[in-house]
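According to Swiss-Prot:
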type: BINDING; residues: Asp11, Lys34, 61-70, Thr124, Arg186, Gln195, 215-216; note: substrate binding site
type: ACT_SITE; residues: Lys63; note: active site, proton donor
Amino acid sequence: MQENRPVIALDFPEFSDVKDFLEKFDPSEKLYIKLGMELFYTAGPQVVYYVKSLGHSVFLDLKLHDIPNTVESSMRVLARLGVDMVNVHAAGGVEMMVAAKRGLEAGTPTGRQRPKLIAVTQLTSTSEEIMQNDQKIMTSLEESVINYAQKTAQAGLDGVVCSAHEVEKIKAATSKEFICLTPGIRPEGASKGDQKRVMTPKEARTIGSDYIVVGRPITQAKDPVSAYHAIKEEWNQ
């Protein structure tokens, strides 16, 4: 499946920043918004309720990683917020991921669709050197990512967060329907920031990404609405 809207990462420190940003867009335009840790820890569920009240889709990016029971109960709560997608760290293991899905299913109100559940493989800020030196995972970065993707599929999750560079091999190792959501997307000429493994929207589409996440190239642009539409157009070519 492919989401035709780029997911906008609203990595803002304050709830007011979210309101200011979304007010720039025509109310009829429904966006896909990623809300991360800093914002959720600052504003709590109210920021989710606000974004959903405007008709936008929400990916709540909290990257849960804890013992299975804690993750299960946490997912039960998150499901009640009405979000469209949530995630965990694949490093938590199959048992934890199974528990996460079970919690989501239990918490989803009757008549609503369960939020999509995906897992983080290796962060796009992680290089092979970092992985081997800091995590002591002595395989290649690609092998680690594919292993995590296979474990995620085994647990029955919907997909993974991964670099666009790994999409083709992940789908070959799992299935074409397995979701690959790719951050680290930058238009041609944009700064890479703290991302180590990046691609353009067009490259990500060509290689088979299902969702792309774009933050600063939109949120820090002089004209965020125009920047969003340009990236959306490139993504849908």
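Even glycines carry a Cβ here, placed using N, Cα and C.
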Most isolated by CB count within 10 A, of the binding-site residues Pro68, Gly215, is Pro68
Residues near Leu62 (substrate binding site) by Cβ (under 8 Å) yet at least 6 apart in sequence within the same chain, in sequence order, are Gly36, Met37, Phe40, Leu78, Val86, Asn87
Integer Å value for the Cα distance linking Asp11 (substrate binding site) with Lys63 (active site, proton donor) is 14
Lys63 (active site, proton donor) and Thr124 (substrate binding site), compared by Cα position, are separated in whole Å by 14
Ordered by sequence, the long-range same-chain Cβ contacts of His65 (substrate binding site) under 8 Å (at least 6 apart) are Val71, Val88, His89, Ala91, Gly92, Met96
According to DSSP, Pro68 (substrate binding site) sits in helix
